[in-house]
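Asker: Mind having a look at this structure? Questions to follow.
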Amino acid sequence: MISLMQLQDVAETTRLGPLSGDVKPGEILHLVGPNGAGKSTLLARMAGLTFGEGTVIFDGASLETWPAAKLAQHRAYLAQQQNPPFSMPVWHFLTLHQPDKTQTNLLNDVAQALGLSDKLGRSANQLSGGEWQRVRLAAVILQIHPHANPHGQLLLLDEPMNSLDVAQQNALDRLLSQLCSQGIAIVMSSHDLNHTLRHAHRAWLLKQGKLIASGRRDEVLTPPNLAQAYGMNFRRLDVEGHRMLISTT
């Protein structure tokens, strides 16, 4: 399969790399590793928000050559933190992110899927942390959703599961799976190894800015690889037909 994004010897001073890899259309790729591994730095680089050593090719062209407005049509990026806009209704904030403003049904569908239907009229700065996280997720999904944007290709998510309960995480997983089935590539950072083991197609395991392992989730999330990354021992178990990782240290 042709790659959507290629990274070649990408590096950030003291924080990242050099590392190389690729992202394929319609896949879910998880970035995993301990705090300080470089996941957020790598996502920002892939989003075109920072530049440094190495090359990032997106859809056949160097990421540095993409005009910001055009890039926003093709990729959406959820930063780890973002303050809510002052006194802006949620529906207005979401509409700003949706390229085709006529797709009101899509906005309502995404809001309903994430449990936001009763929050659309509220001001963004009056939401709880978990509510605001779901609003931000809805915004980036609307930005590149194929029903509102035929150019959408890539969704980058930095710790998207933060502040979400189990039911909300499950709802987000369903939405991401739907996007994936429509050809959108999804790259997200995660601290939940068992979530990665269940939902990722591929994984990159990082430690101190270095890529320790990359490939299919089963090939990457092995006890030896995880011990190298986290400095502790792991076991992989099968529990009622589901694979599970547990620490043994």
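Glycine is no exception: its Cβ is also placed from the backbone N, Cα and C atoms.
Marked as ATP binding site by Swiss-Prot: G33, P34, N35, G36, A37, G38, K39, S40. The domain 'ABC transporter' annotation in Swiss-Prot covers 5-233.
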Asker: Mean pLDDT across the domain 'ABC transporter' (5-233), rounded to an integer, is what?
Answerer: 96
Asker: Counting across all protein chains present, how many other Cβ atoms fall within 10 Å of the Cβ of G38 (ATP binding site)?
Answerer: 25
Asker: Pick the one among the binding-site residues N35, S40 whose Cβ has the fewest other Cβ atoms within 10 Å in this structure.
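Answerer: Relative to the other binding-site residues in N35, S40, N35 has the fewest Cβ atoms within 10 Å.
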Asker: Given a separation of at least six residues and a C-beta threshold under 8 Å, show me what packs close to A37 (ATP binding site) in the same chain.
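Answerer: Expected: L206, K207, Q208, G209, A229.
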Asker: Please give me the CB contact count at 10 A for G33 (ATP binding site), counting all chains in the structure.
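Answerer: Total other Cβ atoms inside 10 Å, all chains included: 26.
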Asker: Given the recorded ATP site (G33, P34, N35, G36, A37, G38, K39, S40), which additional residues of the same chain have their Cβ within 8 Å of the Cβ centre, ordered by sequence?
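Answerer: Filtered neighbour residues, in order: S189, L206, K207, Q208.
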Asker: If you run the three-state DSSP split on K39 (ATP binding site), which class comes out?
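Answerer: In three-state terms, K39 (ATP binding site) counts as helix.
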